[in-house]
Amino acid sequence: MPSLPQEGVIQGPSPLDLNTELPYQSTMKRKVRKKKKKGTITANVAGTKFEIVRLVIDEMGFMKTPDEDETSNLIWCDSAVQQEKISELQNYQRINHFPGMGEICRKDFLARNMTKMIKSRPLDYTFVPRTWIFPAEYTQFQNYVKELKKKRKQKTFIVKPANGAMGHGISLIRNGDKLPSQDHLIVQEYIEKPFLMEGYKFDLRIYILVTSCDPLKIFLYHDGLVRMGTEKYIPPNESNLTQLYMHLTNYSVNKHNEHFERDETENKGSKRSIKWFTEFLQANQHDVAKFWSDISELVVKTLIVAEPHVLHAYRMCRPGQPPGSESVCFEVLGFDILLDRKLKPWLLEINRAPSFGTDQKIDYDVKRGVLLNALKLLNIRTSDKRRNLAKQKAEAQRRLYGQNSIKRLLPGSSDWEQQRHQLERRKEELKERLAQVRKQISREEHENRHMGNYRRIYPPEDKALLEKYENLLAVAFQTFLSGRAASFQRELNNPLKRMKEEDILDLLEQCEIDDEKLMGKTTKTRGPKPLCSMPESTEIMKRPKYCSSDSSYDSSSSSSESDENEKEEYQNKKREKQVTYNLKPSNHYKLIQQPSSIRRSVSCPRSISAQSPSSGDTRPFSAQQMISVSRPTSASRSHSLNRASSYMRHLPHSNDACSTNSQVSESLRQLKTKEQEDDLTSQTLFVLKDMKIRFPGKSDAESELLIEDIIDNWKYHKTKVASYWLIKLDSVKQRKVLDIVKTSIRTVLPRIWKVPDVEEVNLYRIFNRVFNRLLWSRGQGLWNCFCDSGSSWESIFNKSPEVVTPLQLQCCQRLVELCKQCLLVVYKYATDKRGSLSGIGPDWGNSRYLLPGSTQFFLRTPTYNLKYNSPGMTRSNVLFTSRYGHL
């Protein structure tokens with residue numbers, strides 16, 4: 001009888017014993033497909049033969065995908081790609097070539113396009129040797145040679161194949177009659193007096209990164225290669241025309257010469273670094289700044305020639321892309337530049353697929369930096385793919401359900417409907433531009449942090465230089481795309497293009513006010529809701545789906561950075577939706593006008609002021625009663641609506657006597673108001689000077705000592721404070737830091753000025769402008785106050801026609817000082833709570849959302865006998881109730 005199986009043992013065929021001594025043993029293994037890690041950036045490098053590209057991909061933490069994978073975040077190819085491939089790319093993908101760049105990378109195309117631009121702007125394009133394209137310009141070349149013979153002059157010409165590379169087929173001639181007329185050749189005048197180094201001729205390989213063509217963005221790498229000839233240079237004559245090692249500087253040619261010197265250092269051998277070359281120039285009393293300026297100008301002007309072709313081809317490949325969207329293309333170009341004996345740069349050629357071979361250590365050092373910094377500038381994030389899919393889904397729903405779309409205006413619509421329609425269109429245009437500006441600010445901040453050895457040369461910071469380049473761009477579009485030049489000119493001249501974020505917000509506010517007046521609603525001065533102090537770490541915001549738990553903060557550095565960018569974008573969207581409530585109130589008026597006036601303005605197609613009856617309510621004394629001021633005329637805004645209250649009107653003039661009496665009484669009333677306002681401003685300044693920021697758990701004296709200690713050791717704390725304020729805190733948290741000061745002021749001012757609403761005080765509106773300036777450019781305004789430009793915020797008053805009195809300016813200066821102290825105390829508290837900012841792990845960057853508790857920071861405000869009880873004490877003022885209980 002067979003025995004029962006033991007419990008838990010499953011009977012079956014006996015397993016094969018693989019540990020046998022048979023001569024053959026199967027070694028076949030099951031292929032296991034490697035899974036992609038969630039949140040990993042992928043790269044397809046099947047199209048490159050250069051190992052340095054793969055090494056940099058690994059160093060960046062990207063995961064290489066199989067050759068057939070076309071969904072990678074990054075695709076790298078050595079050769080140019082077809083336009084169909086670019087058309088098939090998703091928005092989250094990047095490929096390292098632009099369509100249409102061959103217009104300057106092929107020798108014949110470059111010569112043809114440069115010739116056209118030279119005809120239009122001869123004084124701007126003097127850096128290209130005179131060139132002829134054979135066979136089309138064979139006759140012109142022969143005529144030029146005959147003219148030289150008549151003048152008894154003889155020049156040397158260099159002959160190149162039209163689409164050659166690596167020095168193949170290049171020769172020098174002095175007799176132009178011997179050239180064949182039907183071959184496809186490029187003939188250039190030879191630069192006979194080059195700048196020599198140790199007696200050798202050389203050229204420069206400059207690396208250029210183009211990250212976008214719509215709009216154009218160009219970066220220059222501040223290093224490169226100096227490629228020297230391998231025979232001492234002698235001006236060309238009949239006996240040495242064939243000595244190519246003397247006249248050509250191509251590495252692919254000179255490396256075959258026995259005199260080619262390979263050296264591991266950057267200051268010896270036949271190949272050296274541009275970094276060493278600039279030091280050489282400086283040591284020999286040459287102007288290095290002018291050298292880089294000339295190189296930058298040459299590069300930008302050359303790419304301006306390519307821009308019409310590249311932009312047209314790119315838009316054909318990517319139709320329907322909204323302006324300002326991320327470019328799926330980028331390109332690393334190699335510019336070959338020759339210097340003459342006066343250090344003037346001459347453009348030889350441009351390589352769209354520069355060699356990334358690393359035969360020597362100097363190649364590895366330079367080219368690794370070029371690639372590594374370029375990939376960092378691209379800002380490829382793990383969340384790009386997910387956000388792209390979500391955006392596509394939202395766009396599909398919008399098209400399906402007609403969401404957020406403006407209804408068409410029907411024929412025969414009334415004037416009221418036409419005005420509403422124009423306002424809606426204007427608001428949509430402004431919101432789109434606002435989103436573009438915020439994206440651009442975010443990109444520029446990332447570029448400034450990750451530029452490495454690159455420098456942005458277009459668009460330049462110099463306004464005059466930018467205007468010069470834009471004029472050249474307009475000429476280039478007119479020259480190469482004459483049929484589409486008008487549309488490009490309209491884009492270039494769009495008044496919204498040069499506006500900053502705060503200007504667009506002002507225009508949006510204007511449209512909102514016009515809309516409310518058109519609808520017959522009561523217009524209220526709007527501004528951000530008062531926030532009492534710092535946020536709690538557990539109640540920071542309503543998190544989106546991508547931020548489900550705090551455990552996500554423990555991810556890799558690249559993932560954390562992408563999540564940070566994603567949260568920033570989420571906040572931008574949130575701000576955009578609430579744009580009505582985040583607008584800066586502006587009640588400065590210049591001229592007394594009828595409230596019912598309707599005027600054209602840049603802010604909206606038709607400015608409408610509601611015809612409301614005059615109000616009988618009297619308002620408290622403030623600067624607004626003195627004079628009515630409109631917003632200034634500027635390049636970005638030509639006019640703005642009159643926002644004066646309905647009670648300020650022209651008085652009817654029955655006769656000359658009544659008119660004279662009313663003018664005298666009005667002057668006396670304004671004089672009395674001015675004196676009272678100065679007195680109240682002095683009281684405000686006195687209170688502001690006594691205000692102090694208190695460190696949690698410490699006395700006033702101890703808090704002052706902490707601030708003084710930070711200031712005394714500013715060299716040590718400067719970088720840490722900058723990192724905390726500009727990087728670790730986003731714009732929402734920065735605003736909440738300043739709200740500690742702002743809330744205290746909102747509490748004090750009504751008691752001094754004896755008004756129920758602080759918004760009615762002109763000084764508070766000035767304070768609001770200062771707060772907005774301090775938060776300008778993601779907190780850069782406040783940080784400038786710690787630097788040499790500590791009074792840069794005062795420039796906001798230079799552009800305004802409203803006169804700010806010395807007392808008001810002193811109040812603003814004290815306000816800025818309180819904000820600086822507040823930041824230092826919050827920074828110190830965060831440092832003590834978390835430990836040294838420099839001694840913690842990489843996950844510290846995510847602590848930007850973990851700010852100190854809200855009830856621990858406050859301004860100690862002195863108590864004065866102000867004898868005014870606000871009828872509407874808001875919840876945000878609860879911190880100060882105990883201190884003003886006796887009032």
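Start at 1 and count along the chain as shown; that gives each residue its number.
A Cβ is built for glycine as well, from the same backbone N, Cα and C atoms used for every other residue.
Swiss-Prot assigns the feature region 'Disordered' to one of the listed ranges (1-21, 22-42, 253-273), namely 1-21. The record from Swiss-Prot ties Y251, S252, K271, K367 to L-glutamate, and of the options R227, R341, R386, R387 it ties R227 to that site too. Cβ neighbour count for E189 (ATP binding site) (all protein chains, 10 Å cutoff from its Cβ): 14. Residues R205, L225, N250, K255, S355, G357, D359, D363 surround the recorded L-glutamate site, their Cβ atoms falling within 8 Å of the Cβ centroid of R227, Y251, S252, K271, K367, which are themselves excluded. Site extent for L-glutamate: among the recorded binding residues R227, Y251, S252, K271, K367, the largest C-alpha separation is 17 Å. Listed in sequence order, the residues of the same chain lying 6 or more apart from K367 (L-glutamate binding site) and placing their CB within less than 8 Å of its CB are I52, F356, T358. Cβ environment of K271 (L-glutamate binding site): L225, V226, R227, M228, Y251, R262, Q360, I362, D363 lie under 8 Å away, each six or more residues apart in the same chain. Classification of I191 (ATP binding site) by DSSP places it in coil, neither helical nor stranded. Cα spacing between I191 (ATP binding site) and R106 (site 'Binds negatively charged residues of beta-tubulin C-terminal tails'): 21 Å, rounded to the nearest whole number.
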